[in-house]
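Peer 1: Okay, so Swiss-Prot annotates it like this:
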type	residues	note
BINDING	HIS573, HIS577, CYS676, HIS680	Zn(2+) binding site
Amino acid sequence: MQTHEIRERFTNHFVKAGHEAVPSASLILDDPNLLFVNAGMVPFKPYFLGQQNPPFPNGTATSIQKCVRTLDIEEVGITTRHNTFFQMAGNFSFGQYFKEGAITHAWQLLTGTVAEGGLGLDPERLWVTVYLDDDEAAEIWNKKIGVPSERIQRLGMADNYWSMGIPGPCGPCSEIYYDRGPEYGAEGGPIADDNRYMEIWNLVFMENERGEGIGKDNFEIVGPLPKKNIDTGMGIERVACILQGVDNVYETDLLRPVINVAEELTGATYGTNDDDNIRFRVIADHSRTGMMLILDGVTPGNEGRGYILRRLLRRIIRSAHLLGAKGKTLEKFMNTIMDTMTPSYPEIADNRERILRVAITEEKAFLKTLASGTELFEDKADQVKNSGNKVLDGAAAFKLHDTYGFPIDLTLEMAAEAGLNVDIEGFNSLMAEQRARAKADNRAKKHGHADLSIYREWVDEHPTVFTGYDELTTDSKVLGLLSAGNKVNEIKAGEEVEVILEASPLYAEAGGQLGDRGQILMGDTVLKVNDVQKIGKKLWVHKATVAQGGLSVGDVVTAQVDSDWRHAARQAHTGTHLIHAALRQVLGPTAVQAGSMNKPGYLRFDFNYTESLTPRQLEEIQNITNQAVDSDWDVNTIETSLEEAKAMGALALFGENYGSEVRVIEVGGPFSIELCGGTHVTHSSQIGPVAILGESSVGSGVRRIEAYTGLDSFKYLAKEQALVENIASSMKVKPEELPDRIAALTQKLKDAEKAIADMRSAQLMAQATGLVAGAIEVNGVKLVAQRVSDVENMGDLRSLAADIKQRLDDVPAVVALVGEDASGKAPFVVGATKAAVSAGYKANAYAKILGQYIEGNGGGKPDMAQGSARNSSGFDQGIAAVKAEMSA
């Protein structure tokens with residue numbers, strides 16, 4: 001039975017039983033602490049947690065969810081039952097049926113005949129486990145279903161009691177196993193041998209609430225839930241393995257075709273030895289996982305989801321090369337896995353080119369890294385072995401990472417294959433030093449000096465009290481003063497200084513928002529604050545110019561925010577949140593924030609996305625953003641726990657470290673909810689119009705949108721309007737007629753360029769006729785050698801040489817031409833006909849000789865070579881040398 005048929009039978013079974021079929025969610029959800037969806041129930045969490053009412057008429061649902069688990073990537077292929085990507089088929093009940101219903105549904109599908117729509121498994125080969133104290137489930141299996149008591153085994157909390165690992169719903173579970181036969185292991189049921197007895201379905205009975213605790217079995221059960229729910233998960237791949245009669249999940253109809261292609265590309269044979277078998281399985285598994293991640297919008301990167309994808313793709317490439325592959329392989333692997341997966345995921349067809357583009361680009365970059373890095377690793381490994389040691393030092397691992405881009409995981413794998421360990425502590429220490437240097441360099445740029453220990457006293461004992469959320473003016477005591485990076489007790493007019501205050505209303509740069517501008521006042525003393533930076537997370541450093549007067553440590557001053565600056569900065573920051581929300585509406589949840597910068601009237605927003613945005617997409621994003629502005633929504637600030645913020649659906653930067661208490665900015669209810677410590681407007685209409693300037697690439701898989709807000713947006717739009725009107729006036733048309741007018745002019749220009757090109761081509765053909773007629777003969781080979789000063793570019797020169805070659809195609813002939821462009825450089829081309837090449841007269845050899853006389857370098861293939869020279873005056877001498885070589 002093919003995998004797609006197993007999927008259909010599962011869905012049909014539960015739809016007939018009144019469940020609503022729910023499409024698989026993306027592998028990428030908004031949860032900042034969840035790399036990928038890793039269980040079938042994840043998209044249903046809000047219903048299980050009681051945060052939302054389930055929208056299913058009968059209170060039941062079924063889905064086949066895409067899942068990725070990457071905790072044990074190194075184990076892929078070693079165990080033959082686990083994949084990094086898998087399809088979890090599940091049925092869910094929200095306060096409807098419970099244990100008996102879940103058990104009955106599962107048994108009917110598994111043991112029902114194929115003719116009746118079931119999977120046709122032999123009931124005599126099915127075993128079940130239940131939680132140690134779950135007499136109810138054991139009795140249902142035995143009395144209602146008829147499973148003999150000897151095939152019902154009881155296990156403790158670690159195996160048969162489910163929770164999410166945090167306080168919330170939990171409950172006992174019952175697992176269904178299939179006995180694959182004595183050839184796979186010992187008798188005795190799942191307790192005795194979980195290789196012979198393969199788990200295929202887990203039924204979770206959510207009936208209790210879990211309290212605090214750690215691990216799978218060290219937590220308190222607080223009490224019963226108001227409603228009893230069902231969450232089940234059947235592994236599609238494992239059932240396919242059984243129904244298709246293959247030894248493991250890598251040999252099913254979905255993955256075996258990739259192994260077949262790997263055999264063709266490498267010359268190795270699957271099944272001959274354990275090491276190669278693991279590599280074949282890695283290729284098959286990772287090709288599918290990588291393809292599905294790219295499908296859902298992940299791009300290779302150096303952290304988070306992008307790092308996982310990069311690691312998977314690089315393991316494929318390296319495994320293929322260890323098996324004997326030469327050159328590029330990913331395109332064929334990806335095409336094969338897309339063919340097998342498209343019947344279940346038709347959206348692959350529309351994304352095929354994008355998936356290939358991402359994979360091929362990553363492979364191209366890594367192949368360069370692999371060659372140079374592998375050579376260094378092998379040298380270091382040999383040195384270690386020859387010294388009698390077994391540990392590759394941290395410095396070598398760091399160099400592989402820092403210079404050659406080798407992820408430490410790859411170095412660890414290669415070391416293990418070579419029988420070596422890696423000094424991971426030494427590696428981590430060097431990485432920490434590098435990060436510290438980078439931070440110090442960045443801080444030095446911000447503060448004008450690199451020694452940050454000077455702030456230690458204030459960081460430890462006097463963290464700044466920030467008052468700027470509530471007020472723009474604060475009276476405060478001066479705790480410290482710095483001038484030229486040194487502590488001082490007083491400052492005077494004209495100095496550039498840093499001021500440490502007890503409390504401040506000025507915002508310190510963070511979260512992409514620039515530091516406030518403002519003043520520090522005391523009597524006649526005026527300090528102009530040019531920037532505010534943070535040291536650590538709690539100390540505000542005010543960079544200021546003493547405009548008049550002076551200050552001493554201990555003085556009480558008034559710190560004042562420039563209200564115009566703050567207002568415009570708030571407009572930009574809240575505008576960034578709206579653009580982020582609009583982006584996700586248009587592009588989907590994979591368009592996650594990669595960085596931002598907000599300053600008065602201007603914002604830029606970086607996000608993970610592989611392709612440039614179309615004008616239509618940009619227009620839609622701008623329209624959604626401005627509709628949100630026009631809606632005059634309240635902008636609410638909520639201070640709450642991190643757990644509660646996540647429960648609200650607040651977006652966060654993946655991998656960012658947040659405290660237990662966080663600040664949530666909510667605009668328009670569910671439209672935009674983000675964790676943010678910045679300053680914001682109180683109503684969305686205060687942002688004013690948002691004008692998107694455009695979008696661009698700022699790195700592999702990262703795009704950037706730039707926009708103006710508020711008054712700057714008005715100014716930009718007015719400037720654009722004036723520009724359009726000026727252009728329309730100069731063309732003597734109305735502004736709305738400009739597109740047609742420009743299109744007409746563009747077409748005229750294209751026509752003129754074509755006419756010029758045609759004329760140029762005719763001139764070249766005429767010139768070719770004359771050059772062929774003037775050919776001389778050297779050692780039985782015709783030679784056309786000419787300086788053509790009226791041919792300025794390499795394209796025309798190559799065309800002329802190709803034309804001459806074609807006219808002399810039936811005889812041995814060599815063509816050598818040199819031109820001269822407007823800058824004085826001399827492009828040159830050397831060509832040879834097939835007959836000449838066959839006789840040993842090669843264009844690339846003559847190009848090198850000629851280049852020596854005209855101060856140039858040339859290279860290429862035997863039939864056509866080219867180069868660029870600085871001085872064509874030596875052409876005649878060069879041709880004489882070519883003649884001599886031809887006559888030799």
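The chain as shown is numbered from 1 upward.
Glycine is treated like the rest: Cβ placed from N, Cα and C.
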Peer 1: When you measure from the Cβ of CYS676 (Zn(2+) binding site), how many other Cβ atoms are you left with inside 10 Å?
Peer 2: 25
Peer 1: Excluding HIS573, HIS577, CYS676, HIS680 themselves, which residues in that chain have a Cβ inside 8 Å of the centre of the Cβ atoms defining the Zn(2+) site?
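Peer 2: Not counting the recorded site residues, we get GLN513, ARG570, THR574, THR576, ASN598, VAL635, ILE665, GLU674, GLY678, THR679.
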Peer 1: Which chain-mates of HIS573 (Zn(2+) binding site) that are at least 6 residues away have a CB under 8 A from its CB, listed by sequence?
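Peer 2: Listed in sequence order: GLY512, GLN513, ASN598, LEU603, CYS676, GLY678, THR679, HIS680.
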Peer 1: Sort out the sequence-distant neighbours of HIS577 (Zn(2+) binding site) for me: same chain, 6+ apart, CB within less than 8 Å of its CB, listed by position.
Peer 2: ILE665, VAL667, SER672, GLU674, CYS676, HIS680
Peer 1: Going by DSSP, give the three-state secondary structure for HIS573 (Zn(2+) binding site).
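Peer 2: Assignment for HIS573 (Zn(2+) binding site) reads helix.
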Peer 1: Looking only at Cβ atoms, how many others are within 10 Å of the one on HIS680 (Zn(2+) binding site)?
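Peer 2: 24, counting other Cβ atoms within 10 Å of HIS680 (Zn(2+) binding site).
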Peer 1: Provide the three-state secondary structure of HIS680 (Zn(2+) binding site) computed with DSSP.
Peer 2: coil
